[in-house]
Each structure stands twice: as C-alpha cells, then as structure tokens.
Amino acid sequence: ATDEEKKPPLNGRRALPSNNSNDEENEVPEMEAFGLIPRGFNPKDYLRVVDIHMFKEPHEINKQQHHTDKYYNPKLIVRRGQSFQIQVDFNRPYNPETDQFWLEYLIGRYPQQNKGTYIPILVRDVLKPGEWGAKITHKENNSIRLSIMSSATCIIGKFRLYVAVLTPFGILRTRRNAATDTYILFNPWCQQDAVYLDDEKEREEYVLNDVGIVFHGNINDIKLRSWSYGQFEENILDACLFLMDKAELELSGRGNPIKICRVASAVINSRDDNGVIAGSWDNTYTNGVPPSAWTGSVDILLEYYSSKQPVRYGQCWVFAGVFNTFLRCLGIPARLITNYSSAHDNNANLQLDFFLDDEGKVDTTTTKDSVWNYHCWNEAWMTRPDLPVGFGGWQVVDGTPQETSDGMYRCGPASVQAIKHGHVCFQFDAPFVYAEVNSDIVYLRRAKNGTQVIENIDTTHIGQLIVTKEVGRDGMMEITEEYKFQEGSEEERLALETAVMYGVKKQNMQDTSYQPQTDVDMEFQVQKAVLGSDFKVTITFRNKSRNTYTATAYLSGNIVFYTGVTKNEFKKHSFSAKLEPSSSSAFDVVIKSSEYLSDLLDQASFHFFVTARINETGKILATQKATVLEIPALRIKTQGAMVAGKEMSVTVEFTNPLKQTLENVTLRLEGPGVLRTMKKEFRQIPMNSTLIWEVKCIPNRPGLRKLIASLNCDALRHVYGELNIQIQKP
C-alpha cells in the first residue's frame, strides 16, 4: 500500500485522527534538521548513543522494586509514579557543560505532548515525586546511570523510548529499538496513584495473586472452585492492552481507572462490540467450550488475542474471572464477588414480580423477573474524583451482559459505599446493582375481575449473602454489610428511602389490599443429596393461632438454570394438611432420581416452589428455595520431588457415580507457573469405573502453587478438583 492509501480519512472536527491504538506507531526521524545542513556536518563528531541498558531481568532492580518480576515478559515493566533506572552508553564521556540530550517516551500513532502521548524528559538535579523527570545518579567512563520518575497519572500501556541529542544543526535520535520498549502500569504502592491501596497483604492478594476462588452453588449449599487468573503468563499483558484498543479507548484516557473499567466491562462480553466472551445460558454449547469446563482466564484471553473473535462460551463467573485477570494485570486491585440470590429485575422497580395462577402455581409466561442462585461480579479499588468525597474505594464492575447501560451491555463502576447508603444517583449503574442486592419478591395473583392481588411478599430472600475470597487464605469472607445495613434496621429503611428519592422505582404496597395470613408459618427443607440419588423435601406448617385450619398445598419441583430461569417442571405434588391449633406439622415429599436425571442441567440445580391456601380464610402462603446436588470431585495427586526446572508427574482420577456410561468426556488441567493448560478426551467412562490420567510437566516458578482440573461431558458438568503444591527452588 502506498502512503496515500494509508492516510486516515479527513475529519472536519479534529486536526489529528483519534489515537486509540497502543499497537500502531509513527515514524520518528533519526536526524531532525533545523534547516540546511552544511556540507562538512558529520553526526559522528557529536555525542552519540551506543547502547541502552534497561535492567529488565526479573532479578534486577527495576522489576524487583516495581513488583513486576512475576510477568513472563522480556521487556521492562514498571509502575507509574515510582522511579526506575536505566543506563546510557555514549561514544565518549558525557560533558554536561557542552552536551545536551533528553529522553522521549511515545505511545500510539499520533503522539502529542498535551495529550500525554509524547513525553520529552530533560535531565534535572532533583526528581519531584509523581512527576516526569530524570536525573543522573552515576557517571563512569562513557556511561551514565539515570533515575527516571514517571507521572502518577501517566497513561497505562507500552511506550517507545528514544534518546535525543542536540547538535547545532539538528536533533540526532536513537534508532527505533523494540528491546527498549517500556510497559507502564498502575501502581497501588504509590500514594498519588488513583488505585493506591495502603495494606500490603491486600496488595499481595488483589494485585499479585494469580489464583482465586469462585463461590457458587446456592445460599443453602455454598460450593467453591479455584480459578487461575494467570495475569503474569506469557502474552497476557499484551492481550489486556489489546482489549483497550479493541474498545477504542483514546490513549489519553488510559491513565484513568474509571474509564478503563467502564470500557472493559463492555468489551469482556461479546454483545454489541464482538468482545472477548460469548455468553450462553441455554445448556447448548455447540462449537465451543461449555462455561463449566474453563479452569482459568489464560486460554480465553490468548484465544481472543490471536483470533480477534469472541470465545465461546461463558457464564457469569467466566466473565468475572477474565475481568479480574484484566484488572490485576494492569495493576488495578480487584476481587471477584458472589451475590447469593441475586435479583435480575427487568424493570428496576426493586421488586421481582412472580405471578401465580389460580392453583397457586407460578405462571411462567407472565413472570419476567428471575432470581439467580448466585451472580458473580468484580470490585475494583480506586478513588472517585468524579463523585463527592467518601465514595472512593471498592467499585462494582460487571462484565456479564444483563441490561444495557448508555446503549451498551456494561455495568459500573458503581461505588459500593453509594449502594449501601442508597445514593444511587452517582454514576455508573448504581440503581441496577442496588436492585440486585435489595429487591423484594412479590407474589401476585390476577383476580377474576383482572385486578392484581398481592398474595405474599418476601423481603429477605434477595442478596442474603455477599462473599469473596479471604485475603491470604482460601476461605470465604462475608462482605454483605459492605453493601447493605442489617435487615430491618432503621439505617436500612433510610437507605431505601434515599434510593427511592433518587429515582429507584418502588411500588407502594399501601395501594393494594394486602393482608397476609400472619398466624400460620410455612417453611421447607431440602435434604442434601448426591447427584443420582433420591432425596426428600420436608414441608413444615406452624399454626400459631387457636383455630384449626385446613390447607391445600402444592409443591412444584423445577430444573432451573443457575439464573433462576426454569427449564421444566419435573415434579408436581398436591396434598391437603390439617393444622391443629398451636402446633407444628411436617409433611415429606420424596424426589426420585429417575424423575430428574434425564433433564438435569449443568449446575445440577433445582428450584422448589411451595404454595398453600388456607381454606378457611382463602389466604395464600408462598415460599421458594433453590438447591444444588452434590457433584463428585476430581482427585489430583503428584509423584516425586517438585523442583522448579525439573520434570514432575501429576495424576488426575475420577470415578463415575452415575447409573450410566459417560460419553465424550473432556479433562482439563492447569496451574500457573507449573503447567500450561492440558486437555485430554476420553470416549467413555462406564458406570462405577475410574479414569486415571497422568501428565508430565516442568514447573518454572518456585513457591506455593495450585493445580486446577475440570471434567466435562453432556451428562455431567461442574466437576472440579484442585491441589496446593509447594515447588522447591532448584
């Protein structure tokens, strides 16, 4: 292509085209003449740069001081607002009286000084903290050591470095040299950085830990699995920078963590911008990997970076896992959050409307809202100079496509503090997150005359438990009170009134005639069960009155996606109950494995509704509960010594618990710093038989590492195993 073709189209509004690719470069002249060059001019007569040393090895001073020694990347990686060292070798000793040189850092195709994309740095006597500058710390023979300070608000990305020397006739520059490229990242260790975090243990967890825990299952049966973030693995940093190019974020905006989080929450999902992961919630995963099979983010990011096409498929924890890798990789402290019983409220009115038909069954055609057993999102740590004081700190960002925000599927950053206090007027998307953790469930019935009658309201079901991984350990840390006040407290009421004042819609219950039956309580328990076995549901009535009542009860068992959307009803059971005064009575319903096995979905999730009509008063009691089956685990073992650089052996074992043969089984195994993801296919595993897979690998990083494995086939998903191992130094 000629230069003519390459020119970008003219744009009447701006002199320069938009500069939104870190990958593109401009030509920088090696000799920039001031005018006519006299015939006798010889560049060799002047100070000339012979070599530049970047001290970029993991064990050298820069990567050690900047906490970037874990990145599997040969180039220099530093964090902004903190000094780093380089050495420049000249062709002769440098003389400050007569020689003048400076450094130039450039990023993108159209570098401009006022945009922060062209940064000239003169040598000074003192470095000001958090501002660009350079000073000579050491002179020896033809070499000088420089200490360079970057700005604490500097753009995040990959910069090109040139050294420029002034001569009477023009500027001489070093050649373009990719080996001197410098990555600049966010710096949670620097007080002037917007992402500064003051606790070293938290920085080690939220920035430097490359493995985490995803909590899933449901509120009554919390399950956990490990996830490999792998933010330091080969090419992951470049893949994360590519995501910002893909989102077309102006380079000049890339120093701002608020902007980066906002565009990233859109580009993590493939809706409307061909982003990283395509979601699929319908249990068919043709031409892709089922969401439950992924063990970490690395494969997904690398596949996207090379193919530039959405990777199939993800569900909420996959979006959140990849988003966490992106944030930690760039240096923004981040953690993965699980909200149990998460409301997906389609019309943001702070209530989920479940419509019942005449029998008291939920009418799936008119019920549009759903309760997710759990939903994962992320929190990123940053100051919020765009909001009033006090709303900095943890911000909710969510890459799972649920609802559009400013026309795109994205969510956040929304201040956790603002959500807790009901200040949902502050950008971005606070009302949606507020509804996810605070909605009420309202059971409505259409009466014969067409009016809606409220039968029951459940104010405590949604957002019962919000958790994340503990700092420094693999346990669970509850953070519900970061999001909401104690249920029923005066502060909670006040926060709700504030949210309503700021425009969160909430229907007033006084308008509708709602007098619940207060003297009878109904609840039910689901027995814990292993996949493939029978179990029972026990329904208990407590009659607190002096009257004898009779009740007509209906139990509906549904197989559901973890998003609370029903696939089908597999169990219907009606019975009548006599409720003696001031006493409790319990009723058992048995669920047989033959009733559910053929239709089971990959999270082995059930949802039970129980509705009962008190015949004497005509009032309805309604309650619902999700439950998950126990899924058998994979066993991981290691053999022999585990030393960095030496071959070791890992074995994965699994016993088929089902009364059927498993077909086309895929195993995955990975461990950051130990082995890249390995896959193995098995045609069949007969019932009760055990599969054994042995893998040889050479770990490259010493220390405490984690192996993570998953097994997948159509009949059985969400089978995981993990093992902590200590790799010795050679």
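Cβ atoms are placed via backbone N, Cα and C, with glycine included.
Per TrEMBL, the features are:
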{"type": "REGION", "residues": "1-27", "note": "region 'Disordered'"}
{"type": "DOMAIN", "residues": "308-401", "note": "domain 'Transglutaminase-like'"}
{"type": "ACT_SITE", "residues": "C316", "note": "active site"}
{"type": "ACT_SITE", "residues": "H375", "note": "active site"}
{"type": "ACT_SITE", "residues": "D398", "note": "active site"}
{"type": "BINDING", "residues": "N438, D440, E487, E492", "note": "Ca(2+) binding site"}
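Using a 10 Å Cα-Cα cut-off from D398 (active site), none of the binding-site residues among N438, D440, E487, E492 qualify. Those same-chain residues not listed among N438, D440, E487, E492 yet with C-beta within 8 angstroms of the centroid of the Ca(2+) site C-beta atoms are T459, T460, I462, G463, K484, G488, L496. Listed in sequence order, A343, L350, I462, G463, K484, L496, A499 are the same-chain residues six or more apart from N438 (Ca(2+) binding site) with CB atoms under 8 A from its CB. Taken residue by residue, the domain 'Transglutaminase-like' (308-401) breaks down under DSSP into 15 helix, 41 strand, 38 coil.
A straight line from the CA of H375 (active site) to the CA of C316 (active site) spans 6 Å. Neighbour counts of Cβ atoms within 10 Å were taken for the recorded positions D398, E492; the minimum is at E492.
One residue stands out among the binding-site residues D440, E487 for having the most other Cβ atoms within 10 Å of its Cβ: D440.
Note: the Cα of C316 (active site) and the Cα of D440 (Ca(2+) binding site) are spaced 22 Å from each other. Within 10 Å of the C-beta of H375 (active site) we count 28 further C-beta atoms, all protein chains included.
Packing around C316 (active site) is summarised by its Cβ count: 27 other Cβ atoms lie within 10 angstroms of its Cβ, all protein chains included.
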